[in-house]
Amino acid sequence: MWTSDRMSNAKNWLGLGVSLYFWGLMDLTTLALSGSARPLTKSQEDNLSDKLLLHQRMKRSWVWNQFFVLEEYTGTDPLYVGKLHSDMDRGDGSIKYILSGEGAGIVFTIDDTTGDIHAIQRLDREERSQYTLRAQALDRRTGRPMEPESEFIIKIQDINDNEPKFLDGPYVASVPEMSPVGTSVIQVTATDADDPTYGNSARVVYSILQGQPYFSVDSRTGLIRTALMNMDREAKDYYEVIIQAKDMGGQLGGLAGTTTVNITLADVNDNPPRFPQKHYQMSVLESAPVSSTVGRVVAKDLDEGINAEMKYSFVDGDGLDAFDINTDPNYQVGIITVRKPLSFESKKSYTLKVEGTNPHLEMRFLNLGPFRDTTTVHISVEDVDEPPVFEPTFYFVEVPEDVEIGTTIQIISAEDPDVTNNSIRYSIDRSSDPGRFFYVDIATGALMTARPLDREDLSWHNITVLAVELNNPSQVGSVSVTVKVLDVNDNAPQFSRFYEAFVCENAKAGQ
C-alpha cells in the first residue's frame with residue numbers, strides 16, 4: 001500500500017510524468033510510479049533540471065521581431081532600437097541578456113537586465129543598410145544559457161537625406177537645326193542614394209528650369225526633346241539647358257539636384273547661296289600670261305561645312321574661250337583666270353555670266369531654293385606698251401654676188417601694235433653681221449649691201465634686224481633675215497697644177 005507520504009510523492013511525479021511523456025522522459029515517470037519511488041539524488045535533480053529547461057525552451061519563443069531604426073538620428077541620448085525579452089524572464093533580474101555580432105558594443109548596446117537595445121552612433125543607411133546580430137539569455141547566477149543563441153536583424157530605415165545627383169553631368173549634345181518637334185536630343189539620368197524600395201525618397205521626377213520653350217524633358221525618363229519648330233542655327237546655334245531632378249515624386253519638400261546640358265544646333269543645308277553683288281567690274285593687262293588670275297567672285301552661304309560648299313561656272317557670255325573659272329575649296333570663292341593670250345587691240349572688254357551652286361542638297365529644303373545664284377562680270381583688257389612687231393616674222397632674201405654696193409635687197413617692216421602707233425627706228429644687231437656686209441635704213445627699214453658679196457667666200461648670211469620705238473627705246477622688236485648669195489660667172493678656169501711634157505724632135509703630126 002502507498003503511505004500518505006508515498007502517495008503524495010507519487011502524485012507529484014505523475015503530474016510531471018504527464019508533462020515529460022512526450023519528451024522521452026518516461027524512464028523518470030516510471031521510476032516515480034514504481035513501488036520503489038524515493039527522493040531524487042543530486043545528479044538526478046540536475047539532469048531533470050536540464051531536461052525541464054530544454055522542455056521549456058521548446059515551448060516558449062523569444063519576444064521580438066525584426067527591428068527597424070531611422071538613420072541620421074542627431075539627438076544627444078542613445079537612440080532606442082527595441083527590446084529583447086525571454087518568456088522565462090520574470091523581471092527579477094535573474095536573466096542576463098548578451099548581444100554579439102555586427103556592431104555589437106560599438107554601434108549597438110544592450111541593457112543586460114532589461115534587454116533594451118540602443119544605438120550609440122549615428123547611422124547612415126547609404127553606408128550600411130542592416131546589421132546582423134546574435135542574442136542570448138543566460139542565467140545570471142549560473143551563467144548557463146536559458147535560451148539558444150538566436151540571430152536577428154536590425155534594418156536601418158531610410159529617410160530622405162540624399163538629393164538626386166547627375167553623375168555624368170554636365171552634358172554636351174547636338175541636334176540638327178530645323179528638326180521636327182519631339183526630336184530626341186539626349187537622355188539625362190539622376191541617381192538618388194536613398195532606398196528605392198521604401199517610400200518616395202528615391203522616386204525622381206525631371207523638370208526643365210532653363211531652356212524653354214526650345215526644349216522639353218520627359219518627367220519620368222529624363223529624355224530631352226525639341227519643343228519648338230524651325231529652330232534656326234543661323235539665328236541661334238547654342239542653348240544652355242538646366243534640368244532639375246527632384247525626389248519624393250516631385251512633391252513639396254523633396255530634395256533636388258540640377259545639371260547643365262549644353263546643346264548645339266548642327267547645320268543643315270537650308271540656306272541657298274546668294275551673290276552680294278549682281279555686277280563685278282574687273283580689269284586685266286593684255287600682257288597677262290595664261291592661267292594668271294583676273295579676279296574673284298563669291299556667293300555668300302549662311303550654312304557651314306559641306307552645306308556651304310560652292311561650285312562656280314560660266315553659263316553665258318562672250319569670253320567663254322578667253323577665261324576660265326575655278327572654285328577655291330578653302331574659301332569657297334570663284335577664281336577667274338586667263339585661258340588664252342589677250343590683245344587690247346583685238347578686243348577691249350568681255351562680259352561673263354557666273355553661276356554659284358550648292359552641290360550638296362537636302363530634298364526637304366528644296367522649297368527654300370533655288371540653291372543657285374548668278375552674277376555678271378565685266379572684264380576690261382588694258383593696253384600695255386608692246387614692242388614693235390615685224391610682219392612677216394621671218395625674211396629670206398636671195399641676192400647675186402655681183403650686186404652693187406648700196407643696192408636695196410629687201411624692205412624690212414615693223415609696226416607698233418599699240419594704239420599710239422609710235423615711230424620706229426631700224427638697226428642691225430652687229431653681233432649677227434660682224435663683217436658689216438649690210439646696213440638698214442633707220443627710217444624706212446630698207447636693207448642694203450654695204451660691202452661686195454662673194455659667194456665663193458661666204459654664201460649665206462644670217463642677220464638680225466631690230467626695230468626700236470622712238471619714244472621708248474626699251475621697247476625693241478627683232479626679226480631674222482637670211483640672205484643667200486647667188487653665184488655669177490666671175491671666175492676664169494684655172495689649172496690645178498703645172499704640166500710639163502717632152503716630145504721627140506722627129507715626132508710626126510698628130511702623135
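Every residue gets a Cβ built from N, Cα and C, even glycine.
Automatic, uncurated: that is what TrEMBL annotation is.
These features come from TrEMBL:
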DOMAIN    86-166  domain 'Cadherin'
DOMAIN    167-275  domain 'Cadherin'
DOMAIN    276-394  domain 'Cadherin'
DOMAIN    391-495  domain 'Cadherin'
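Secondary structure by DSSP for the domain 'Cadherin' (86-166): 0 helix, 35 strand, 46 coil. Confidence annotation: the domain 'Cadherin' (391-495) carries a mean pLDDT of 91 in the model. Secondary structure of the domain 'Cadherin' (391-495), assigned with DSSP and counted as helix (H, G, I), strand (E, B) and coil, comes to 3 helix, 46 strand, 56 coil.
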